[in-house]
């Protein structure tokens, strides 16, 4: 395990990070930075927020920096949020996602280890194939969502959320000690690499110029180790958080600025920030941890049953299985749904009402859709109101506004499944 993680934790404690982050120029802190204190190879901003290796580059490019999960991150650049959103849908954009936690799981028992923590069937994956999965707790709640890739290099590659970094790493470390005490062969490495996402329909056109591998063979949720524009030690995974064709590139932190500059040399590519990332993921119907899913939400309530492997359901050998598996066959009291409305924007915590004005749920994410020119949202409603096409209402500024339950994604996804 990288010793840098321990040194960051020590420095964070010495500076009284939890208290100092309550009052910063970036606004109120909703997630205290103990979530980030284990991240390696990153430094503290002058106002004690963490910064990625691209921090100075963001500022030089006109990035407007805001607090996000204890990090100073760009919310947008010189282009407007809407222009940045549409550029990603029509061309491609670079997103800095280096704040996310990247982990390698080694050892003969690595698959058994990770499956003891998540709901996915990792054993069935082919080499260099990945899947979205969920950390769950004993009550069936979702501790975090993550992507696990079964590499052909003798390890599992795991990417999980920055806002849950301390929780996730502690969870994995506790289970690691249990596994080692039982004589299993497994170990963890919390990675120091940076992570950037190149997302949009022209991604392959741009990236193919810089890699030797034929990107037509790299399909959605597969991964490859390859030099990128001459930079060694990169892992390219075809995935993303926008609904577009895209990749995430894990790159040595000392080379991330150079790689970003090489990609931006193509006129198809622009930088994009958290604002566009949020509206893009919402149009794609993708959950944001802490908003749309959390430890009080089960995979069934969240409409994420597809993440639970068939073998895992039958074996019921994951945390919370005694609660989650029966819910698959029985009806839950509430369900995550998509909503479309017109008029004023629908935001998080907006009450969802039945046609007669009774509160039947709450919005967890919402924004005006740049592509659809209407409001899109997701939230939880009583199960009886979850059918697509059901007319409901949302309470905006103390007024009931008509809305309808909609299929997600709101905008069709364009993941590359091969030719």
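Here the Cβ of each residue, glycine as well, is placed from N, Cα and C on the backbone.
Straight from TrEMBL, the features:
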type	residues	note
BINDING	248	substrate binding site
DOMAIN	54-310	domain 'GCVT N-terminal'
DOMAIN	334-411	domain 'Aminomethyltransferase C-terminal'
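Mapped onto DSSP classes, the domain 'Aminomethyltransferase C-terminal' (334-411) shows 3 helix, 43 strand, 32 coil.
Model confidence over the domain 'GCVT N-terminal' (54-310) stands at 98, taken as the mean pLDDT rounded to a whole number. Neighbour count (other Cβ atoms within 10 Å of the Cβ, all protein chains): 23 for residue 248 (substrate binding site).
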